[in-house]
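As recorded in Swiss-Prot, the features of this protein are as follows:
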ACT_SITE  LYS102  active site, schiff-base intermediate with DXP
BINDING   GLY163, ALA189, GLY190, ASN211, THR212  1-deoxy-D-xylulose 5-phosphate binding site
Amino acid sequence: MQDTPLIIGSRSFQSRLLVGTGKYKDLNETDLAIQASGAEIVTVAIRRVNIGQNPDQPNLLSVIPPEKYTILPNTAGCFDADSAVRTCMLARALLDGHNLVKLEVLGDEKTLYPNVTETLKAARTLIDDGFEIMVYTSDDPIIAQELESMGCVAIMPLGSLIGSGLGILNPHTISIIKENAKVPVLVDAGVGTASDAAIAMELGCDGVLMNTAIAAAQNPILMASAMKKAVEAGREAFLAGRMPRKRMANASSPETGYFFK
C-alpha cells in the first residue's frame, strides 16, 4: 500500500521519523546515526549547538547540511515566551530566513514539562511574525486544539518526560488529540526503544521525534536503524487496521470439515 507523504506546513516529507542532534559523543557519530535513521527533518537546539553563531567552534551544519536535511531549530532551554521568541528570531537569521521552527517553552528544570501558558503566548507572537510552528505541548486535547486553532502547523504532545525513556504513558489522550486534529500530530519526548515508536505510530500519529533514545543507546547507529524500521512498521500496522480486541478466544481454524472427531 502506497502511503501519503507527511505534510508539515508548506513542506512534504517521506520519512515520519524526526531526530535530534544532542548527546552524541562527536559529530561523526551524529552524522552516522542520522543517516541510519533515514530522517529528513533534524532538530537543533539553537541555545546549545553551534550552527554558525560561534565561528571558531565546529559547526553542526557541516554534518547536517541544509541542502540535504530540513533543519528544525528548537527553543530547548527556554523557560518563558520572550526567550523562546528571541531564539526563533536568531534561528531565522542564522538560517537565511528559515521559518519552520519547533517551539518548546519549559516549566521547570526537573521535569522539562511544557509551560502551556508561555507556550501559547510565544506561539501567538511567532505566528503573527510569519513563523511555521511545530509545538511541543502536554497531552491535553483542549490545549492541542487551541494551539491548532491559533495556526500551529503541527502538534507535538509528549509521550512522557523528555529523556525519560518511559514510553507512551497516556495513549488514550494522544489518540483523542489525533482524532480531533486537522494538522499532523507527532509524539515528542519519552520514547525509549523501538516498541515505543511503533506504539506511537499504531495510535495513528503522523510521526515521532526522538533524540535520547538513539543517542543514549549502547549502539546509537544500530538503534537509529531500529527506530526507522519501528516507525515504518507502526505506520503500516495503523494503515492495515488491527483486528478487534475480544474478551474470549476465537479459533483461527475452521469448525467444519474435521478429519477426526
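Cβ coordinates are placed from backbone N, Cα and C, and glycine is handled just like the others.
In the three-state DSSP scheme, the residue listed as 'active site, schiff-base intermediate with DXP' is classed as strand. Between the farthest pair of Cα atoms in the 1-deoxy-D-xylulose 5-phosphate binding residues (GLY163, ALA189, GLY190, ASN211, THR212), the distance is 9 Å.
Cα of ALA189 (1-deoxy-D-xylulose 5-phosphate binding site) to Cα of LYS102 (active site, schiff-base intermediate with DXP): a distance of 13 Å. In this structure the alpha carbons, written CA, of THR212 (1-deoxy-D-xylulose 5-phosphate binding site) and LYS102 (active site, schiff-base intermediate with DXP) are 17 Å apart. Listed in sequence order, LEU158, GLY159, SER160, LEU161, ILE162, SER164, GLY165, LEU166, GLY167, ILE168, LEU169, ASP196 are the same-chain residues six or more apart from GLY190 (1-deoxy-D-xylulose 5-phosphate binding site) with CB atoms under 8 A from its CB. Neighbouring residues of the recorded 1-deoxy-D-xylulose 5-phosphate site, listed in sequence order and excluding GLY163, ALA189, GLY190, ASN211, THR212, comprise LEU161, ILE162, SER164, GLY165, VAL191, MET210, ALA213 (Cβ within 8 Å of the Cβ centroid).
Around the Cβ of ASN211 (1-deoxy-D-xylulose 5-phosphate binding site), 24 further Cβ atoms fall within 10 Å across all displayed protein chains.
Counting every protein chain shown, the Cβ of THR212 (1-deoxy-D-xylulose 5-phosphate binding site) has 18 other Cβ atoms within 10 Å. Of all Cβ atoms in the protein chains displayed, 25 besides its own lie within 10 Å of the Cβ of ALA189 (1-deoxy-D-xylulose 5-phosphate binding site). Ranking the recorded positions LYS102, GLY163 by the number of CB atoms within 10 A of their own CB puts LYS102 at the top. A separation of roughly 14 Å, to the nearest angstrom, links the Cα atoms of ASN211 (1-deoxy-D-xylulose 5-phosphate binding site) and the residue listed as 'active site, schiff-base intermediate with DXP'. Classification of THR212 (1-deoxy-D-xylulose 5-phosphate binding site) by DSSP places it within a helix.
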